[in-house]
Every structure is written in C-alpha cells, then in structure tokens.
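Undergrad: So TrEMBL lists the following for this protein:
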DOMAIN    15-450  domain 'Major facilitator superfamily (MFS) profile'
TRANSMEM  59-80  transmembrane segment
TRANSMEM  92-110  transmembrane segment
TRANSMEM  116-136  transmembrane segment
TRANSMEM  148-169  transmembrane segment
TRANSMEM  175-192  transmembrane segment
TRANSMEM  258-283  transmembrane segment
TRANSMEM  295-315  transmembrane segment
TRANSMEM  322-344  transmembrane segment
TRANSMEM  356-383  transmembrane segment
TRANSMEM  395-415  transmembrane segment
TRANSMEM  427-446  transmembrane segment
Amino acid sequence: MVKQRLMKNPQKVLPQLMAAVVGSWGYFCMGTVRGWGSPGLPSLNRTLDFEMDADDFKWISAMPMCGSFFGALAISIPMQYCGRKKALMGHYLLYIFGSLILGLTCIGKHKAMLYAGRLLQGFGVGCTTPACQIYVSECSSPNVRGRLGSITASSLALGIWVAYIIGAFVEWDNLAFIFTVLPVLFLFWTCLMPETPIWLLTHGMEDEGRHALQQLRGKNTNVDAEMRRMKEHHEKTASSHGSIRLGDLMRCPVMKPFGISLGIMFFQQATGINAMIFYTVSIFQVAGSSIESRYATIIVGGVQLVFTIASGFFVDRYGRRILLLGSAAITSISLTSMGTFFYFQRIWGADTATELLGWLPLVSLIVFFVAYSGGMSNVPFIIMGEMFPSQYRTMLGTITSSFNLIVTLVIVRFFPDMLIHLGNDVTFFIFAGCTLSSIAFVYFLLPETKGRTLEEMEELFSKVKKDDKPAEDEQAALATVSTQLTTISDNQYGIVDHSIVPPANEVDGDRVAVF
C-alpha cells in the first residue's frame with residue numbers, strides 16, 4: 001500500500017525519504033557505539049599496554065548506558081528552544097569528541113580517557129532517539145510515517161554491523177578514529193536539511209514553517225490544507241493543556257498501561273539482547289565455536305540487519321500480541337540452545353563439545369537475533385506510544401525510557417559476573433526463563449492495540465462503557481497533533497512524535513513512527 005503511494009506521487013515522498021535517511025544517521029552512530037565493544041574490547045585486551053583490570057573492562061562496556069540516561073533527559077532543552085535540526089546537529093559533536101578521546105587513549109595511555117570517551121558517546125546515544133525520531137516523524141506525512149520511522153531501527157542495525165565488519169580487521173583505536181570521521185559527514189549533511197514545520201509554527205515562524213513544509217512535500221504539492229490543520233490544532237492544544245496532578249497519575253487508565261509497559265520493557269532487556277550485542281565476539285570465543293569469532297559476528301550482524309528491516313512491515317499486518325508471543329517463544333528456544341551447549345561444554349569438556357556441537361552457538365545466535373528483531377526489538381516501544389493517554393505520554397514515556405536504560409545498564413554491567421559466578425549455561429538458562437515468563441505476561445495482560453484509537457485504549461483500561469465516551473465522529477473530524485515520548489529498541493530511548501492525523505477515513509494504520 002505504501003509502495004503504491006510511493007509510485008503514484010514520488011515527488012512528494014522522496015524529499016521526506018531524504019529527511020528520514022538524514023535524520024536516521026544518529027541511529028547509525030548509536031549502532032557503532034554498541035557495536036564497538038564487541039570487537040573493540042577483545043582487541044584492547046590483546047594489545048593493552050597500560051593499567052586496567054577486569055572491572056574496568058566491564059565498566060567501559062557499560063559506560064554508554066550510564067551516559068545515555070542523562071543524555072535522554074538533557075536533549076529536550078535544545079530541542080525545545082533551539083529547534084530539532086540544531087539539536088540533531090549538536091548531538092553529533094558528542095559522538096565526534098567521544099570517539100576521538102577513545103582513539104587518543106592509545107597515545108595518552110590512561111584508562112580515564114576510555115571512561116571519558118565512552119561516557120560522551122553515551123550522552124550522544126541518549127540524545128539520539130528523541131532528536132532523530134522527532135525530526136523524522138515531524139518531517140513525514142501521516143500515511144508514510146510508520147514506514148519512514150522504521151528507517152531508524154534499520155540504521156541502528158546497520159551501525160552495529162559496520163562496527164562488526166570494520167572491527168574484524170582493525171584494532172580498537174583505529175576503529176574509534178573511523179567512527180570519529182563518520183559523524184562529521186553526517187553533521188554537514190544535516191546542515192542542508194530544513195527545520196521541521198511543526199517546530200517553526202509553534203515558535204511563531206509561520207512563513208518559515210510553510211517554506212519548510214513545501215520543501216518536504218515537493219514544490220508542486222499544495223500544502224495549504226495541511227498548514228491550516230497544523231495551525232488550527234496548535235491553537236487548540238496550546239489553550240487546552242493544563243497542569244498534571246499526582247492524583248491523575250493514579251487513575252486506572254494511567255497506571256494499568258504504565259505497569260504493562262514497564263513489564264514489557266523489563267522482559268525485553270531480560271532476553272540479554274544488549275549483552276549479546278556488546279559481547280558477541282567474547283561469546284563465540286568462550287564457546288570455542290568452529291567458525292572464527294570475527295566472521296561469525298559479521299554473519300550475526302548481517303542477519304540482524306536484514307530481519308530488522310523486514311520487521312517494519314509486519315507490525316501493522318499481524319498485530320502486536322502475535323509478534324511478541326512468537327518472538328518471545330523462538331527467542332527462548334535459541335537461548336535454551338545456547339545454555340545447552342555450555343552445559344555440555346562443562347560436562348564433556350571444551351574440545352569434545354566443540355567437535356560435536358561447534359555449529360550450535362552460531363545457529364543459536366542467528367535464530368536469537370532473527371526472532372528478537374521480529375517482535376521483541378520494536379513492539380514494546382510501539383505499544384507504549386499507543387497505550388499511554390495522550391496527556392501523560394511525555395511524562396510516562398520518559399519514566400519508561402529511563403527504566404529501560406537502568407535495566408540495560410544492570411544487565412550489560414553484570415553479564416560478565418554472571419558468566420563467572422553462575423556459569424555460562426546457567427546465565428543463558430536465566431535469560432531463557434525470563435523470556436518464557438514474558439509469554440505469560442503478554443498473553444494474560446497485554447491487550448491487542450492494532451487498529452485501536454487512543455480513545456478506545458483509554459476506554460479499555462478504564463472499563464468505561466462505550467456510551468459514556470465522547471462521540472468519536474466529532475473527534476475523528478479534527479486534525480490532531482499528538483506529542484509522544486516513547487523509547488526505541490534495543491534500546492531505542494524516547495520518541496516525541498508530533499503527528500498530523502487526517503480524518504478517520506484517511507488513516508491507514510501507520511500511526512506510530514517507531515520500529
């Protein structure tokens with residue numbers, strides 16, 4: 001359906017596609033930060049010529065998660081007062097200087113430089129999701145916003161894969177220097193793009209907003225109707241939003257979706273996904289796989305990229321619950337297979353296990369990433385934006401994003417300790433058990449959100465009778481701009497989505513710009 005729209009009016013969609021591609025390069029940088037640790041830390045350990053201990057390696061791996069928590073909170077200020085485009089440009093500086101300091105550690109030869117570089121990279125990671133996802137969503141038309149929003153997740157997977165490929169052939173410091181250059185190119189490319197029309201309009205720059213909208217929709221497109229809807233709803237929402245009281249947050253329509261979203265976020269990270277990404281090379285080395293670890297890592301990264309791209313087309317077709325249940329079931333099987341391999345490695349010995357089951361770690365990780373990319377990676381962030389009442393979406397989305405980051409930090413930081421103290425097999429069996437538990441959680445507690453309006457979701461959680469709610473016909477006739485703050489995959493950290501929603505008969509289901 002979206003493909004047909006692209007073919008019918010390519011001049012209108014291509015400028016938006018370009019804006020989405022440029023706006024998504026921050027996710028590519030995020031992927032390189034995550035992917036650096038997998039080849040980079042073993043390379044650093046192999047060539048180490050200054051003082052570091054085992055705990056330092058654990059914290060160097062987890063440090064971006066520490067910084068990202070603060071970056072996700074801080075980026076809202078420049079986004080609000082300086083603009084989406086300038087915030088997007090500025091956040092690349094964090095990646096540039098973070099990677100530069102990381103690479104210069106080979107000259108300075110002090111672990112403090114590694115900490116500082118990774119911390120700056122973490123600030124950039126935290127800024128990426130709000131800055132990039134907002135820019136993409138505000139530049140996109142409602143009928144293509146879902147598909148264009150999926151480019152961000154694909155860019156993230158591409159960044160991880162590129163880090164795996166380059167890291168297989170260069171040392172850790174050269175890898176950091178390479179990732180210093182790429183954000184510079186992205187920064188200058190972003191300079192050529194327009195500011196988002198919504199931000200310009202809400203800051204009193206109507207003429208500039210119209211010009212930006214025309215640039216994004218194509219020079220031959222009439223933007224009068226869209227501009228008029230944007231203005232009308234901005235005037236309406238500017239006068240209707242009031243303060244939020246604590247008592248309002250305790251109401252059933254708020255607490256139910258909030259609790260479900262926190263649970264889904266916990267189970268997403270309890271699969272061990274970020275531990276797998278950060279320690280892919282190390283996992284293959286510990287497993288003694290018959291395939292060289294650096295090449296196995298490249299294969300896994302490529303599979304993750306392909307299925308992340310494919311998953312963007314499944315969500316609106318099959319529904320959220322089906323994807324989550326299927327993804328969790330297959331993910332738990334692959335984790336159990338990994339645990340089984342390590343169990344036999346402990347019982348039989350490394351040589352015998354590798355000889356008989358040396359293929360199993362690679363197959364298990366490939367299946368893991370395929371299954372995870374098909375549902376667990378993106379659906380939690382989509383349903384969070386759909387379940388929260390619009391008035392509280394920004395606040396609850398920020399809290400949920402922070403919770404996701406805290407769980408990620410704990411798992412990435414203590415994953416090596418779990419391997420040492422619990423054993424490789426028990427660690428993966430724990431991840432498998434948590435993932436199996438998520439199936440029961442989703443089956444009994446999560447309602448299907450596909451095709452439901454936000455009003456219907458609030459009615460569902462509050463158990464309000466249909467006759468008691470406002471007339472939907474009048475509601476659907478209004479063009480709306482909703483401000484959403486949600487999180488994206490793995491570790492994606494937040495999305496504020498200003499969406500101009502057309503009348504109900506024009507909506508095609510691409511309501512959420514997160515994949």
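From the backbone N, Cα and C atoms, a Cβ is placed for every residue, glycine too.
Automatic, uncurated: that is what TrEMBL annotation is.
From a predicted model like this one, the values you see are computed outputs, not experimental measurements.
Surface or core, plus neighbours and distances: that's what I need for these features.
TA: A Cβ distance under 8 Å defines the sequence-distant neighbours of the transmembrane segment (92-110), meaning residues of its chain 6+ beyond its ends; these are 26, 29, 33, 36, 49-50, 71, 116-124, 127, 173-174, 176-177, 179-180, 183-184, 186-187, 190.
With a threshold of 8 Å between CB atoms, the same-chain residues lying at least 6 positions outside the transmembrane segment (175-192) that come near it are 22-23, 25-26, 28-29, 32-33, 36, 39-40, 43, 85, 88-89, 92-93, 95-96, 99-100, 102-103, 117, 163, 166-167.
Outside the transmembrane segment (258-283) by six or more residues, the chain places 34-35, 37-39, 41-42, 61, 65, 160, 164, 293-294, 297, 300-301, 324, 328, 331, 335, 361, 365, 368-369, 372, 376-377, 380, 383-384, 387-388, 396, 399-400, 403-404, 407-408, 411-412, 415-416, 427-428, 431, 434-435, 437-438, 441-442, 445-446, 487, 489-491 with a CB less than 8 A from a CB of the stretch.
Within the chain carrying the transmembrane segment (295-315), a Cβ under 8 angstroms from the stretch's Cβ atoms is held by residues 35, 38-39, 146-147, 150, 153-154, 156-158, 160-161, 163-165, 168, 280-281, 284, 289, 323, 361-362, 365-366, 369-370, 373-375, 377-379, 382, 450, 515, all 6 or more beyond its ends.
Same-chain neighbours of the transmembrane segment (322-344): 264, 267, 271-272, 287, 311, 314-315, 353, 356-357, 360-361, 363-365, 367-368, 370-372, 374-376, 379-380, 423-429, 431-433, 435-436, 438-439, 442-443, 446, counting only residues six or more beyond its ends whose CB sits under 8 Å from a CB of the stretch.
Sequence-distant contacts of the transmembrane segment (427-446) (same chain, at least 6 residues past either end, Cβ-Cβ under 8 Å): 260, 263-264, 267, 270-272, 320-321, 324-325, 328-329, 331-333, 335-336, 338-339, 342, 383, 415, 418-419.
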Undergrad: Along the domain 'Major facilitator superfamily (MFS) profile' (15-450), what average pLDDT does this model show?
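TA: Residues in the domain 'Major facilitator superfamily (MFS) profile' (15-450) carry a mean pLDDT of 84 in this prediction.
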